[in-house]
């Protein structure tokens, strides 16, 4: 019997009604990092935000944002 793979993405969000999901991606990334700051790195409550931004954001963006956070030049409100 073959294993079934279930693919999911972030749920629809009324704040981002257009097909361009750039802001949705950025917002979910920020929500994840705000959550981990408030609840800790190992909080399971934050995992859904991680799944959302990983599904929406290109890896190159995430890598760049992570570097910017490390150097203190990230443009968003964390």
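Cβ from N, Cα, C; glycine included.
Close to residue 57 (disulfide bond) in the fold, though at least 6 residues off in sequence, lie 25, 26, 28, 29, each with a CB less than 8 Å from its CB. The disulfide bond feature in TrEMBL is assigned to 25-57 (among others).
Annotated disulfide bond per TrEMBL: 35-46 (among others), in sequence order. Here the Cβ of residue 46 (disulfide bond) has 20 other Cβ atoms within 10 Å, regardless of which shown protein chain they belong to.
Non-local contacts of residue 35 (disulfide bond) by the CB criterion (under 8 A, 6+ apart in sequence, same chain) comprise 43, 45, 46, 49.
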